[in-house]
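**Student:** This structure is in structure tokens; I'll ask about it shortly.
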Ligand code: ASP
């Protein structure tokens, strides 16, 4: 029931993860670099939307930019599993037909978001896992990561710190910068993308909310597009992304009210993190119950990025 409505004002919202993000822990240089990383992702997506391109192209481009930036927990900068390996999760969804693609536990593919898109467009499936997903990436000619590509010293240090503090469990606060993007294009279509390395020290093939359609990622032109970040187990149990869309669609709530209500539910369960939302009507939203969230927004009227909760 969607129709093209040319001439709508496009919108883009991105996140680079939520969590314990406080001024006292940040150096000016780190803060500058993080803001520049967010701005680069906004630029990549805005260039597409500003040229009349599609929301799905824009969220993929913004997500790839963040995946290629070692500062964020996705693609190259992904956190490490308990065994010191990289297992990447990603999902993409577009709102006109609710086409979706997702991958989990990928280890060799340079840009998991583009692999998720290939699953959506080039396979009859929605969700592929681990070795099979990597094999599909190779078959599709997607760029493979050269040896050592994911070996980032800061991620090794974080894993060692986790093991030193708490050797037999992961720490939900040790997640740094899952990434996501949502967009509304000038034809009135929405799309969402989310990509992550998951949680430092994850084990047993653990998969979070990010690649689960309806939990960490959702897009439907009848309501909104959502990308989530936070303690994934809780976001799965609250079906966060779909729940926000359902509240907008069936209760007629604003995107902000729907997102705030669902994040309150996540908090009630014991989870923390946040979401970005763009509604089909053009409302853009951040909602998070953590100290901060790396985030940014762009439209023809301007751009902004923010990190701390009080910005
Ligand atoms: N939600 C992600 C996961 O649980 C982590 C994060 O967003 O930081 O895998």
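Easy rule for this one: first residue shown is 1, then count along the chain.
Placement of Cβ uses the backbone N, Cα and C atoms for every residue, glycine included.
What TrEMBL records for this protein is below:
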ACT_SITE  178  active site, nucleophile
BINDING   206, 207, 208, 209, 229, 230, 231, 232  substrate binding site
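Each of the listed features needs to be described in terms of its position in the shown structure.
**Tutor:** Counting every protein chain shown, the number of other Cβ atoms lying within 10 Å of the Cβ of residue 178 (active site, nucleophile) is 35.
In the three-state DSSP scheme, residue 230 (substrate binding site) falls into the strand class.
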**Student:** So how far apart do the substrate binders 206, 207, 208, 209, 229, 230, 231, 232 get, largest Cα to Cα in Å?
**Tutor:** 16
**Student:** Using a 10 Å radius around its CB, how many other CB atoms surround residue 207 (substrate binding site)?
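**Tutor:** The answer is 20.
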**Student:** Round to the nearest Å and give the CA-to-CA distance linking residue 178 (active site, nucleophile) with residue 230 (substrate binding site).
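**Tutor:** That separation, Cα to Cα, works out to 8 Å.
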**Student:** Which recorded positions from the set 178, 207, 230 come near ligand 1, judged by a Cβ under 6 Å from any of its atoms?
**Tutor:** 178, 230
